């Protein structure tokens, strides 16, 4: 199928799902994989968030927690890929819930899923700036022994990351596919350069295999089993956000076929590269978890310093993850704004008409982008009042996105996996049930655990304010439901215009060569809606 015909077919399929194609399909599959990989950026996210897992299980939590999270998220990604193949729309999870849920419950369940998903993406935008600010503060401490980090210092760096992401998204929309290709190239280069450099510099003084694969410590105050499970938050962060492919799906050609593959590939690549990189870091770490955890520079900076024995070399290597986090913040903000736009397009947000607009000159949902940036700034204010705000914001993103993944999968399972139509990507029945149920179980366990305080005893300062953030979201969404949603929100259009999709197959090879045929087909599509 020619490119123009495929693009027209994608737009007609979107019309059959109830929406007009307003976004340009200027992302190639490689560019979309670059965006998804930039968002996960697993080796970067995992290495810069070592403080989440090392005190909660040591090396065993870092290594085997990632393997556990990787297997479970691969199952979830494969489960969601079936939905994406059947319904390639930017709405993603809340649209899929509307398709398969029980008729009387469609508006409410779709509403809940949409709000959770939007909130999760806003929290995930915040994570890139927080990780970057931690690394930068660690570098300052490395050069100034008298420097005492203040929360507002990190907050200002965090704001800087998000302002950068906003302007790249607002002013360079047409360049984003190229930015994402650079992002994946830079990430792979950083992965290779850092791995080779630290292994060479640390040779032959590597930590033992026992330390890397079996060392267990618990500095949380929780029982050992719970502590290790709390350490899964690191692996969960490094592998979340793959539904970005769904929210950007209206900007790639051949969406129903390419989208599912990209969703699974990015999780698989992230798990593999993350495992290798964490293993390398632990081997060159010096074998003392306690000193790494207590370091004023942060775990990643301390490990690289132990390996290279050079402040200059350490900073040079840290440039790779710092720039990766800029790419990640930009890509996450892109996806978050598209998710907000999609939900507003279906009337799910206050002032939906405002946030569902696509700027005619910039070709992007500018109002949704501004809303995302404003909320991320407000969300980051939690950091000013809590010593465990980092854990709270990370937990909020992982929990919210995980719940949004599990809801459509769980509803489909409750109805015997019989609600999805024929599609390009289908899991074998035996594996589909296994993947669905394992993914749901993982989300249930982590949702409960990740709202726990990261350490005992609990104080007002170290409390996990993730639960407070969720309470605020639930309160606002509930008020909005009774004020407007209950009367006006019906969920996205769910009837598939199969006759329209079939008509696409009969088009001329290049629909631009047959204006009469194209016009007639479009008229049929509109009538079918």
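Yeah, the Cβs are placed from backbone N, Cα and C, and that goes for glycine too.
TrEMBL assigns the feature transmembrane segment to residues 392-411, out of the candidate ranges 292-311, 392-411. The range from 11-28, 155-172 that TrEMBL describes as transmembrane segment is residues 155-172. For the ranges 262-284, 492-514, the feature annotated in TrEMBL as transmembrane segment maps to 262-284.
When Cβ-Cβ distances below 8 Å are used as the criterion, the transmembrane segment (315-344) is approached by residues 23, 35, 38-39, 41, 44-45, 47-48, 89-92, 94-95, 114-115, 117-118, 121-122, 124-125, 127-129, 131-132, 135-136, 139, 142, 161-162, 164-166, 168-169, 176, 179-180, 182-183, 186-187, 189-190, 193-194, 197-198, 241, 244, 247-248, 300-301, 304, 308, 352-356, 358, 364-365, 368-369, 371-373, 376 of the same chain, each at least six residues removed from its ends.
Touching of the transmembrane segment (96-116) and the transmembrane segment (262-284) is ruled out by the presence of fewer than three CB pairs under 8 A, sequence neighbours closer than 6 excluded. Nonlocal intrachain contacts for the transmembrane segment (431-452), taken as residues 6+ away from its ends with a CB within less than 8 angstroms of a stretch CB, comprise 69, 71-76, 78-79, 82, 222, 226, 229-230, 232-233, 236, 395, 398-399, 402-403, 405-406, 409-410, 412-413, 417, 464, 466-467, 470. Highest Cβ pair count under 8 Å relative to the transmembrane segment (392-411), across stretches 62-84, 155-172, 184-204, 364-385, 464-483: 464-483. No contact links the transmembrane segment (262-284) to the transmembrane segment (364-385), because fewer than 3 Cβ pairs that are 6 or more residues apart lie under 8 A. Between the transmembrane segment (155-172) and the stretches 62-84, 184-204, 225-242, 364-385, 464-483, it is 364-385 that has the most C-beta pairs under 8 angstroms.
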